[in-house]
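Taken verbatim from TrEMBL:
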| type | residues | note |
| --- | --- | --- |
| DOMAIN | 5-175 | domain 'Cytochrome c assembly protein' |
| TRANSMEM | 21-40 | transmembrane segment |
| TRANSMEM | 60-80 | transmembrane segment |
| TRANSMEM | 92-112 | transmembrane segment |
| TRANSMEM | 124-142 | transmembrane segment |
| TRANSMEM | 149-171 | transmembrane segment |
| TRANSMEM | 191-212 | transmembrane segment |
Amino acid sequence: MSVSLLQPYFFMSKTKSYAQILIGSWLFLTAMAIYLSLWVAPPDLQQGGNSRILYVHVPVAWMSIVIYIATAINSFLFLLTKHPLFLRSSGTGTEIGAFFTLFTLVTGGFWGRPMWGTFWVWDARLTSVFILFFIYLGALCFQKLSVELASILICVGLIDIPIIKFSVNWWNTLHQPGSISRFGTSIHVSMLIPILSNFANFLFFTCILFVLETRLLILSFLESSLTEEIEAREGIPLKT
């Protein structure tokens, strides 16, 4: 499919012009998130300093789900259109999502050790997130065999997202119920702000990675088109 659908020159020029602003904004968000998490937010009355792990654990857990949904959308669009942009975005999302999911499990274990007395329990929430991690890994493995099969796996794996979300309501679990809903939040604002700041930081960083991947895709298309044009003008047979 034609790369003109991506509007490559507009995208490349704008992202190059605003590259310093994007990176500077991300660095500012990172510094602000660290400052709020370590020095501004007070320690929890019951958990003490251990509660600061949640300022990272909760945002990365959100990111693992948000990225999975975005990856599933890209995978579905790739199955429909076979457009390489959706394939590249799906592959990038799978890699980043696997990292965030693993980070969720690790930070959750470090939080759970002093609170529950163990790094791991076969709790409904933990188990469903663990399954999500293996779906990510399965998609990464299948990408080497068949990108269509990997895309189908990601789409089918969407069933795990509502299970993760509602597992604390459907089953009796050690994991606490959700603290944020459409009806409000039970988290004090002094602790909510660091969580949201870290989430914005991770989200912004992920967007930068997707922009870089898209630039690489466009550059590879432009290089391929330029090579074919040079070979055609010089009368060199195109490679099969």
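If you go along the chain as it appears here, the first residue is 1 and each next one adds 1.
Backbone N, Cα and C atoms are what each Cβ position is placed from, and that goes for glycine too.
Automatic, uncurated: that is what TrEMBL annotation is.
Looking at 21-40, 60-80, 124-142, 149-171, 191-212, the range that has the most CB pairs within less than 8 A of the transmembrane segment (92-112) turns out to be 60-80. Within the chain carrying the transmembrane segment (124-142), a Cβ under 8 angstroms from the stretch's Cβ atoms is held by residues 61, 64-65, 68, 94-95, 97-98, 101-102, 104-105, 108, 149-150, 153-154, 157, 160-161, 163-164, 167-168, 170-171, 173, 175, all 6 or more beyond its ends.
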